[in-house]
Every structure is written in structure tokens, then in C-alpha cells.
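Written out below as C-alpha cells is the structure these notes cover.
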Amino acid sequence: MAIIGGLFFALALIGYSSALRLVHVNPYLTWITGILIQMMLLYGFAMVNLLRPGIWLVTSLGVVLLITRLVLGYTGKVSIHYDGLHLFDIWMIFLGIVMAIVLGQSPLIHYDNFSHWATMVKFMTYTGHLPGATDTIISFSSYPPATALFLTQFVTFAGFSAGAMLVGQFILIWAASYTIFATLRDRTRGLNSMLLCLTIAISYVFNINIRLNNLLVDYVLAIITVAGIVGIFVYQSRPKMLAAHVALFCGVLLLIKNSAAFFVAILVIDYLATLIHHRVRGHRFRQTLKITARLLGTLLVAALPFIWWEIHVHLTFTTSKHEISAAAYQNQFAREGVTGLIKIGQAFLNQIFSWQSLSTQGFLVINLGLIAAWAIIKFMCHHPNSLLKLLGLLDLITLIYYGSLLGMYVLSMPYAEAITLDGFERYMSTVVVLNLFIGMMALVRVIDKTFYEQNLAERSPRTFRSIWTKNGYQLATFLVMFFAIIMMYSEINGTTFTNHYNRRSLPVKLSQVTQPWTKLNNAKILIVDPQQVEVTTYYAGYLANYYFFTNNASGQAHFSKSPQRFRKSLRQYEYVVIPKYDRSFTRGVKRAYHQRIRTGFYRVTRNQLRPVTRYEIQRYR
């Protein structure tokens, strides 16, 4: 059934892409645009408590669009021009399939998967609605649900599992990544297209803190912003399509994560600059009013879904973690004082200027790379270019993002997390990846303009300045293609190694002793974890809540040696699960219950720990 469901979902994606081609959406943008449209439709259904029928309607609509497109094409009423298969298409298809296969076999390990992202998808998949005030299994209730809605749609048809969720998110990322090829002037030039493929592969180096085998949205924010910028560039001479594109991408970004406002601002500024650059010559006041009206109208359409979400959150929930508010800031300031805030600032600066920081390394690589490219193209190729101006803009984006990130640590994070700069590299990777893509897309266009033959229609294997430049071009193309493949395989092998390394992790061990529950319940479950740090950070508890679909699970590492106290502590729970062998717990069971237990899943009774039967498990599945 999962194969049939996955095929149905794939046909729906093709249907949306084909329909968007008919309305003249850029072919390289149709995939991600179709996905974002589905997100928005699902969001509307979810907000009116019709998520489950909405998933079927939205997906079925895609299949209907595909059938309609095939019928119209067969009867000759419509035709779509296809550019054919390019070198980068082969790279994307082959390595994308290999990466998807690896992700499909990957477990979820990262803390945030269980504290929110995976739990949110599981909740909506099996309950069919957004969480309410009584659904305390969802802690971060203010987090918007856009990516979770798309993953819910995907696993509804492909089957719910960790691997399925990872593949669903990879489809989103890969579709957004494909948009960068829309910026190519000549898609037959292998060097330029392979440089962009290499950029995709290199971007995962700066995402190494979470990789692709996690549901965190930091990379998603960057790549969708990149797709938004590409669309603004492609549609710059089509005002209506441009406005619709900006409204859609800004609206979805706001529904992915609250901190996406920074990236929305980038798109809005780019949009405004495009409107000003392409304004019609005429009365200045009239043109200013026209641009202002178009900008504000687009922003209003983009902001409406987020405003709806904020109203929903404030009417449904009383408070939420990581929510910025004046009251929260005043409370933190009262507790920690100026000294505490200064300590956070000092830690922040130390991290920025540390050579060990991956984000700092990325910042330097982008700067040195663009400066070197500017110098080589200007002085050796005798071609003036604006790469230095672009670099200044990218550095400004980085500095502003530093400021916004510091504000988040000071205003919305608990002091214990803020002083350790929890998640710093993960957050900074987003802007590093964004700048990397922007810089490389601009560089590739500059490189294209240095080619000997500028008439694209006249380009051929013969149109080179000399045999030496032709041989140099071919060698450079081969080397870039080689490194693009190697770097992507490095990410694939890195994910495979991570999966192997995590084979003894708590989530993997838990899956070996019992099956996950899929019916929301209030069962009190204890997960025995010999690693104290996983208990004190609530990792074990969040994992158990996600796995057993309850809000009453907790972890424990140390137990009393007294048989009476040992039994009393266990009687607080209905079930106890032991994923990993814990010598102290095994000895405690031996003393208290006279049983020999190493690992497993047990029902807590007055006089013994009874193995949970298959029938009991089925009650919660």
C-alpha cells in the first residue's frame, strides 16, 4: 500500500507541476511552487479543522490536473515545450534517488525531532487536526505548521515512519534546490551547471550539524529563500507573476518558523528593488504610489496566513516556549540582570571570532572566494564585474543576522540555554547556506559573460577563442563535475556512517524492543536510560512521548537500592521500557521482584513486571 500511496503522491506532484507550466510558471520553479501551493491549501483546511479530507482533496486535485493535462495534450489542445535533459538533470535525478534511498533507511536521532518536529507530524497524521490547548504532547505550540503539513500529506500516502518523513522533507529541499538552474544563461554549458551542482553539495558541509537526516527546518528556510530570490530574478519583467510568487514564498516562509521573518525581509527588499528598477518612466509621484500599492498589496496577501496563525495561537494557547514577548524579557532581565546579558554577549562574540566555528569558516570561504573570483575575472579576463558589491551586501546580511540571533538568545531563550549559545552553529548555517547560493549564482552568470561567444544561439564546441581555452574549459568542467559528484557522495556516505554510528542510540534500541504506538493516549510510561544526561535534558522523555504517543512519559537513570522504594517508584507508571541494558536497574528488579530482566517492554503490576503482550500493543496501534 505504501508503494501505491507513494505513486499516487508522485502523480499529484507531477500534476501540479504540469498545470503550473500551462500558466507559464518557469519550468525550474514548478516543482517547488506546486509544493508550496499544496502547503497553503493544506494550511487552510487544517485551520478549519478539515485536515484529513483536505489532504485527500489536495492530492487528488493534483492527479486530476495530471489527467487533464494528458487528455489536453493527447487531443492537441495544449503543448508544453521541454528543454530536454541536461547534465545537471542527470546529476539531480541520480544522486537525488540515492540520497532518498539512504534517508528512507535512516532513524531520527536529534533532540528537536522528538521535542517538536516529528511529534507534530505524527500528531496530525493520526489525529487529523492541529493541536489544541489540551494536547500537551506538543510543547512548542507557537511554531507554525507548514513543513509538518507537507510531511503529514506525504506520510499519509507513503506510510508513517522516520524514513518516510525524511524523504518527504528531502523532496521539498530537492525541489527548491532545482530552482537555481533557472538562473543559467546557457544550460548547455557543463561548467556553469556543474558549478551550481557543486554549490548544492558544498552547502551540506555547512549543514553538517544536523545533516539531511533530521526534520529541523534551518536548511529548509535557506533553500526556500534561495528559490524565492531566483523567482524574483526570473519574473522581474512579469509584474503579476512576480507579485504572486513573492506573496506565496513569503507566506510559506512565515508559516515554516517564526524566525523566518528575517528571510522574508530579504525577499521583500529584493522585490522592492526589482519594482524600482523596472518602473515605467513617467511622473515620479504616480510611479511611487503604484510601487507602494503593489508592494503593500503583496505583503498583505503574504502576511494574512501568518496573522491567522497568530490569532489561532493566542486564542488557543496561553503560553508557548521560545515565544518573544515583553513580559518574558522583563522576567529574564529581572532574574539575570545586566551581568547575565553581558555574559551572553561575550559568549556570542567569542563564538563569532573563533576559528573553530564552522559558520565563521563559511563566512571566510565565501569572502575569500568572491574576492578571488572578482580579481581573476577583472584583471586576468579583463571583464569588470559587480562581485565585490554583492559581497558587501552578503556581509551586511550576515551582520544583521548576527544581531537578530543575539536578540533571540537575549529575549526568548532561557538563560541556561542562551549562555551556552544552544544551537548557534545550526542557526548560523542558514545564512551561510543562503549567502553561498546567492554568491555562486551571481558568479556563474559573471563567468558566462566572460565566454568568447556571447550569442547563445551561435555557441558550439567550435566557438572558443583558441584550442587552449577549449581544452582548459573541458578540463575545468570535468574537475568541477568530479568534485560535485564526490562532494554529494560524501554527504550520502556521511549520512550512512551516521546511521551506522547511531545503531546503539536510544531511539534505535527502543525500536528493537517494541513497536511505536499510533493512538493518542495518557498512559504513564517510564523509559529506563543509563545515560543521565539524556534524562536531565528530557531527551529520553520526549523520545518516549513521541514513540508511545503520550504526554505522560518520562526518563530515569538512577533508582533506589531499597526494594520497597524501587517498587514504589515503579508503581507510579503503567509501563516500563528498558531499551538498553542497565546493570543497576536489572539488580533492582532482581531484589524487588525476583525477576531476571535485561531489556524489554513490561507492564507494571503489584508483584511483578509482566511482559507486554502483542494484544496490549495493538490496542494503541
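We number each residue from 1, going along the chain as drawn.
Each Cβ is built from the backbone N, Cα and C atoms, and glycine gets one as well.
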For which of the residue intervals 117-139, 393-415, 531-553 does TrEMBL record transmembrane segment?
393-415
Among 193-210, 265-282, indicate the range for which TrEMBL gives the feature transmembrane segment.
193-210
Same chain only, please: residues at least 6 beyond the ends of the transmembrane segment (90-111) with a C-beta under 8 Å from a C-beta of the stretch. Say none if there are none.
118, 162-167, 170-171, 174, 177-178, 194, 197, 210, 212-216, 481, 484-485, 488-489, 491-492, 495-496, 498-499, 502, 505, 507-508, 511, 537, 539, 542
Do any residues, 6 or more residues outside the transmembrane segment (55-75), come within under 8 Å Cβ-to-Cβ of it, and if so which ones?
8-9, 11-16, 18-19, 22, 34, 38, 41-42, 45, 152-153, 156-157
Name the range, of those listed as 155-181, 193-210, 363-381, 427-447, 468-489, that has the largest tally of Cβ pairs under 8 Å with the transmembrane segment (393-415).
427-447
Rank 193-210, 216-234, 363-381, 427-447, 468-489 by Cβ pairs under 8 Å to the transmembrane segment (155-181) and hand me the top one.
216-234
Short question: which residues 6 or more past the ends of the transmembrane segment (468-489) have a Cβ under 8 Å from it?
87, 91, 95, 99, 190-191, 194-195, 197-198, 200-202, 204-205, 452, 461
